[in-house]
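J.: Before anything else, here's the structure in question.
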Amino acid sequence: MGETNTAAQPSQEFEKVLADSSTDVASFDAHDKTLLQKLQHFLHSSPAAVPLIVLVLSLIAFGVILGGKFFSAFTMTLILQQVAIVGIVGAAQTLVILTAGIDLSVGAIMVLSSVIMGQFTFRYGFPPALSVICGLGVGALCGYINGTLVARMKLPPFIVTLGMWQIVLASNFLYSANETIRAQDISANASILQFFGQNFRIGNAVFTYGVVVMVLLVCLLWYVLNRTAWGRYVYAVGDDPEAAKLAGVNVTRMLISIYTLSGLICALAGWALIGRIGSVSPTAGQFANIESITAVVIGGISLFGGRGSIMGMLFGALIVGVFSLGLRLMGTDPQWTYLLIGLLIIIAVAIDQWIRKVAA
């Protein structure tokens, strides 16, 4: 009995101490964030907010200045048609830039793919549908080569894609002999090549299938990037590749898949380009690489990787389209468009640097 009482005594003392102890939970001083800090955090968590705000404000501004001439179904759909190609190529560029890379070859891959589609049909007599598949395959192959050089040989994306840009551009001119395939010939013998240039009406609005594929592509990639493991890996690789590797992500395979998909999307843009201009021209789309980077940067996607929304890229492309058409309707010198777009690019990068302080 004495041993039992001795054993129970420490237990009773522990219960007494526990009963007398404070039940307050440890707390830290709460510092209210300033309005500026709240804004900073909001923009960090919603990267597409800034381009959306700029887009809405620019629409309102040109609407007030131009009135009904700007706010018409025809004008709004014309803006969409103008940015369809940039939006598709911008989607390809977005994937690469999210990994902290850059692809200067997107425009050249787009044009080469369109030339392959045209030349295989009219030079070799391939069925147009098979020529389209071959063009898509060439685009994916170019992207695969880019990805392999970046991921396996550890070469800088800027250097790799700069070299690929020159190689593909030269190959394009050498292979096509700078020959343009006329729109009339395509329409008569291979109308599928012009498919994305066909249009349909909804009320007074005229849409092309190129616009439809751009919107569907952006929505699909938004879902993939935000709702799938592959999409999360894209952001992880761009944010910190070493941490992603430690977390079990195969960074090499991811980079190759991203660049390959980017090349495939560029080839899709090449198909849409034929529909847009009607013909197959080796000189078309010369500035697509710069225009795609512009849409991505204005769209709030960080050039340092790991942050941004593909919806922001679409808003960025629309901002460029709104400014271009709005200033043209005002009768201003076209150089003002480039000046304002240049300012927007610098401001967008400055805002990105400011927002990145939150993560730091």
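Including glycine, each Cβ sits where the backbone N, Cα and C put it.
Okay, so Swiss-Prot annotates it like this:
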- 48-68: transmembrane segment (TRANSMEM)
- 84-106: transmembrane segment (TRANSMEM)
- 125-145: transmembrane segment (TRANSMEM)
- 155-175: transmembrane segment (TRANSMEM)
- 205-225: transmembrane segment (TRANSMEM)
- 254-274: transmembrane segment (TRANSMEM)
- 284-304: transmembrane segment (TRANSMEM)
- 310-330: transmembrane segment (TRANSMEM)
- 335-355: transmembrane segment (TRANSMEM)
J.: Please identify the stretch among 48-68, 84-106, 205-225, 254-274, 284-304 with the greatest number of Cβ pairs below 8 Å relative to the transmembrane segment (155-175).
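T.: So the stretch in question is 84-106.
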J.: Taking contact to mean 3 or more CB pairs closer than 8 A (sequence separation of 6 or more), are the transmembrane segment (125-145) and the transmembrane segment (48-68) in contact?
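T.: Per Cβ check, the transmembrane segment (125-145) does not touch the transmembrane segment (48-68).
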J.: Please work out whether the transmembrane segment (284-304) lies in contact with the transmembrane segment (205-225), by counting C-beta pairs under 8 angstroms that are 6 or more apart in sequence and asking whether there are at least 3.
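T.: The transmembrane segment (205-225) and the transmembrane segment (284-304): touching, no.
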J.: If you count every Cβ pair below 8 Å, which range out of 84-106, 205-225, 254-274, 310-330, 335-355 shares the most with the transmembrane segment (48-68)?
T.: 310-330
